[in-house]
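Q: Sharing a structure, written as structure tokens. Questions coming.
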Amino acid sequence: MEQQDQIKKEGRLTLVLALATLIAAFGSSFQYGYNVAAVNSPAELMKQFYNETNYDRTGEFMDDIPLTLLWSVTVSLFPFGGFVGSLLVGPLVNKLGRKGALLFNNIFSIVPAILMGCSKVAGSFELIIVSRLLVGICAGVSSNVVPMYLGELAPKNLRGALGVVPQLLITVGILVAQIFGLRSLLANDKGWPILLGLTGVPAALQLLLLPWFPESPRYLLIQKKDEAAAGTVVLMAGQQLSGVNAIYYYADQIYLSAGVSETDVQYVTVGTGAVNVVMTLCAVFVVEFLGRRLLLLLGFTVCFVACCVLTAALALQDTITWMPYVSIVCVISYVIGHALGPSPIPALLITEIFLQSSRPAAFMVGGSVHWLCNFTVGLVFPFIQKGLGAYSFIIFAVICLLTTIYTFMIVPETKAKTFIEINKIFTKMNKVSSTYPEKEELRVFPPVVTEL
């Protein structure tokens with residue numbers, strides 16, 4: 001009876017666990033989402049700043065193509081920094097621990113926040129470009145370490161819900177950036193440097209508060225090994241190549257091309273961000289009920305249909321008066337589908353599929369693919385949009401379809417299973433004769449005793 005009570009207690013959401021989850025996710029994942037959307041609303045103001053700075057230096061304004069390329073580099077250096085950050089995950093978590101890696105990572109947020117805030121006063125758009133690389137490194141580290149930290153900290157009955165919290169905070173970060181990016185707030189000539197610099201605030205709070213919370217117990221207890229990880233590439237690639245960040249990076253342009261007026265587009269973008277937050281919050285509550293696999297299948301299917309209909313709507317928007325409204329519905333539907341499964345589930349699956357010894361390497365592989373694909377979409381999409389126009393999203397539709405098929409055929413359900421049980425599923429699938437020893441992951445992990 002006493003043992004049953006102990007196990008029951010271990011499955012509870014304690015105050016320490018809840019606060020550790022919120023602080024880790026707010027201080028790290030929130031920044032990821034914030035920096036995805038922060039450059040969207042003030043894009044034209046920032047391009048004007050780039051042009052005026054170049055004129056002050058050379059006496060000439062930039063042509064359209066060099067300016068577009070410079071802006072694409074500004075946008076895409078964030079995911080390229082994410083790729084670099086993903087490569088740092090393994091060394092950082094093995095050397096500093098999960099919590100220590102998050103604390104160290106704040107350097108890559110606070111420093112660029114100061115640089116971006118001072119960029120206009122200094123008359124240097126180069127500060128923005130370098131800072132986008134640095135905050136990308138921050139996001140690359142945090143997007144891998146936070147799910148790892150929370151997945152190892154949580155009991156198995158809460159692992160799914162807590163594993164979705166980082167994605168929830170990413171969507172909150174996107175929404176906050178969209179709200180602050182209203183022209184009446186910070187998306188104006190004087191406010192946009194502040195809008196960019198605010199990314200350092202969550203980092204500073206995490207730096208102050210996270211040291212009071214526990215390290216991952218599995219990191220503290222289990223001897224680390226150096227094993228390569230594989231098998232996460234398809235889901236991570238599908239997550240990004242499905243076009244989600246094309247929508248977030250260039251949301252305003254998509255709505256403008258769909259016929260939304262320049263005055264109203266900022267409010268439509270904020271509304272889309274709000275939908276994203278609400279649907280990700282729903283995923284927190286349904287992931288343990290519906291399971292990981294069903295949410296992935298449902299999400300990618302919705303994204304596939306939305307991309308197909310959006311292509312038709314954009315192609316016909318000049319001939320049928322109500323087509324722009326269909327385009328808006330398609331974008332919102334896409335956001336709903338991605339928020340339910342493709343956005344939050346892949347990182348959760350990495351935590352669940354891989355055991356302690358191979359988990360850091362798995363996050364390095366998965367994170368590198370995630371950020372390289374993110375970088376590719378951010379850099380190439382403006383030129384795809386100019387070249388293909390209304391048919392740009394056919395590419396994303398095909399990727400969504402292929403990822404749906406892969407998920408249906410390959411990805412098993414992992415809800416309510418221990419790490420050992422999940423590992424045995426993949427061992428059987430791959431026809432491997434032996435699994436990792438039971439001692440590597442404990443079936444029932446002892447509770448963390450930490451006074452706050």
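Cβ from N, Cα, C; glycine included.
According to TrEMBL, the protein carries these features:
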TRANSMEM  12-34  transmembrane segment
DOMAIN    21-415  domain 'Major facilitator superfamily (MFS) profile'
TRANSMEM  69-90  transmembrane segment
TRANSMEM  102-122  transmembrane segment
TRANSMEM  128-150  transmembrane segment
TRANSMEM  162-180  transmembrane segment
TRANSMEM  192-213  transmembrane segment
TRANSMEM  233-251  transmembrane segment
TRANSMEM  267-287  transmembrane segment
TRANSMEM  294-316  transmembrane segment
TRANSMEM  322-340  transmembrane segment
TRANSMEM  361-384  transmembrane segment
TRANSMEM  390-411  transmembrane segment
Q: Who are the chain neighbours of the transmembrane segment (322-340) in space, where the CB to CB distance is under 8 Å and they lie at least 6 residues beyond its ends?
A: 167, 171, 242-244, 247, 251, 254-255, 258-260, 268, 271-272, 275-276, 279-280, 282-283, 295, 298-303, 305-307, 309-310, 313-314, 316
Q: Between the transmembrane segment (69-90) and the transmembrane segment (267-287), are there three or more C-beta pairs closer than 8 Å, counting only pairs 6 or more apart along the chain?
A: no
Q: Give me the stretch from 102-122, 128-150, 192-213, 361-384, 390-411 with the greatest number of Cβ pairs under 8 Å to the transmembrane segment (294-316).
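A: Stretch with maximum Cβ contacts: 390-411.
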Q: Would you say the transmembrane segment (12-34) and the transmembrane segment (128-150) are touching, if the rule is that at least three C-beta pairs must lie under 8 angstroms and be 6 or more residues apart?
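A: Yes, since the transmembrane segment (128-150) and the transmembrane segment (12-34) share at least 3 Cβ pairs closer than 8 Å, they count as touching.
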Q: Decide whether the stretches the transmembrane segment (192-213) and the transmembrane segment (390-411) have at least 3 CB pairs under 8 angstroms, with pairs required to be 6 or more apart in sequence.
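A: Between the transmembrane segment (390-411) and the transmembrane segment (192-213), which are separate recorded stretches, there is no contact, as judged by 3 or more close Cβ pairs.
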Q: Can you tell me which parts of the same chain pack against the transmembrane segment (102-122), counting only residues 6+ beyond its ends and a CB-CB cutoff under 8 A?
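A: Answer is 24, 27-28, 31, 49, 85, 92, 96, 128, 130-132, 134-135, 137-138, 141-142, 145-146, 149, 192-194, 196-204, 206-207, 210-211.
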Q: Cβ pairs under 8 Å only, please: of the recorded stretches 12-34, 361-384, 390-411, which one is richest in them relative to the transmembrane segment (162-180)?
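A: That would be 12-34.
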Q: For the transmembrane segment (12-34), find every same-chain residue at least 6 residues outside the stretch whose CB is under 8 Å from a CB in it, and list them.
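A: Residues packing against the transmembrane segment (12-34) from afar: 99, 102, 105-106, 109, 135, 138-139, 141-143, 145-146, 149-150, 153-155, 158, 162, 165-177, 198-199, 202-203, 205-207, 209-210, 213-214, 448, 450, 452.
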Q: Do any residues of this chain, six or more beyond the ends of the transmembrane segment (361-384), have a C-beta under 8 angstroms from a C-beta of it, and if so which?
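A: For the transmembrane segment (361-384), the far contacts come to 68, 71-73, 75-87, 89-90, 93, 136, 140, 143-145, 147-148, 226-233, 235-237, 239-241, 243, 245-246, 249-250, 346-347, 350, 353-354, 392, 395.
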